[in-house]
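Enquirer: First, the structure itself, so that you have it in front of you.
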Amino acid sequence: MLNIGQFSFHSRLLLGTGKFPDFDVQQKAIDVSEAEILTFAVRRMDIFDAKQPNLLEKLDVKKYTLLPNTAGAKNAEEAVRIAKLAKASGLCDMIKVEVIGDDRTLLPDPVETLKASEMLLEEGFIVLPYTSDDVVLARKLQELGVHAIMPGASPIGSGLGIVNPLNLSFIIEQATVPVIVDAGIGSPADAAFAMELGADGVLLNTAVSGANDPIKMAYAMKLGIEAGRLGFEAGRIARKRCATASSPLEGMSVVE
């Protein structure tokens, strides 16, 4: 089970809802992924205008936990305002903190992310900050009392996969809260690798919505995450420089 705050989930796949070709494809992809947590950008959805079509109208919201994010925020104050807007609309108190510090790389601003997380914790939110793979920053966020850490595998939407597995492994090893790898996942193999490293979950969007067949890719991601988790729990063999015979040599007869 994936435990975040007082919530528990069977699925370790968190799915973003942006950039799908249409609502029908989006819904089918969500269904086959079996994701229980769906994230969306509050600023890109007019949640107070009933005349505007949006994701919330199309979903059976009782089946999912909605994770609004603060995408578009440039500083902590903007992130807090967006989070409060989401809460006022009756959505879950869980919030993904996203404060971008660089428009080219879309990497998070570490100072403002820390500040926003602290402010939102004081407001009673369940806080999940999107961060880089900075090991020290992840620890400082954890010390604040956030409910999960969401380090990026690589820049948002890049599809580069996990470019720094060593740092991710350090973050996972020191974690006392769930670690959900977020951003940069491009394939089911990337998602499986994140889980093999010991991540508690994976959040992805573009890898599914931008695929040639988003529905098939959503299912593939589900399987990749499940396989990676099983592999982590099973425990891989140690890496060795030299070969080891897989068949026992004792008792074998020698042909003259």
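Glycine too: its Cβ is placed from the backbone N, Cα and C atoms.
What Swiss-Prot records for this protein is below:
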type     : residues                               : note
ACT_SITE : LYS96                                  : active site, schiff-base intermediate with DXP
BINDING  : GLY157, ALA183, GLY184, ASN205, THR206 : 1-deoxy-D-xylulose 5-phosphate binding site
Enquirer: Hey, of the binding-site residues listed (GLY157, GLY184), which one tops the CB count within 10 A?
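Expert: Answer by Cβ density within 10 Å: GLY184.
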Enquirer: From the centroid of the CB atoms of GLY157, ALA183, GLY184, ASN205, THR206, the recorded 1-deoxy-D-xylulose 5-phosphate site, which same-chain residues not already listed sit within 8 A by their CB, in sequence order?
Expert: GLY16, PRO155, ILE156, SER158, GLY159, ILE185, LEU204, ALA207
Enquirer: According to DSSP, does the residue listed as 'active site, schiff-base intermediate with DXP' fall in a helix, a strand, or coil?
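Expert: Where the residue listed as 'active site, schiff-base intermediate with DXP' sits, the three-state DSSP reduction gives strand.
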Enquirer: Do me a favour and check the Cα-Cα span between GLY157 (1-deoxy-D-xylulose 5-phosphate binding site) and the residue listed as 'active site, schiff-base intermediate with DXP'; whole Å is fine.
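Expert: Each residue's Cα considered, GLY157 (1-deoxy-D-xylulose 5-phosphate binding site) and the residue listed as 'active site, schiff-base intermediate with DXP' end up 17 Å apart.
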Enquirer: Please report the distance from the Cα of ASN205 (1-deoxy-D-xylulose 5-phosphate binding site) to the Cα of LYS96 (active site, schiff-base intermediate with DXP), rounded to the nearest angstrom.
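Expert: Here the two Cα atoms are 14 Å apart.
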Enquirer: Could you check the binding-site residues ASN205, THR206 and say which one's CB has the most other CB atoms within 10 Å?
Expert: ASN205
Enquirer: Taking just the CA atoms, what is the gap between ALA183 (1-deoxy-D-xylulose 5-phosphate binding site) and the residue listed as 'active site, schiff-base intermediate with DXP' in Å?
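Expert: Cα-Cα, rounded: 13 Å.
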Enquirer: Would you mind checking how many other C-beta atoms are within 10 angstroms of the C-beta on LYS96 (active site, schiff-base intermediate with DXP)?
Expert: 28
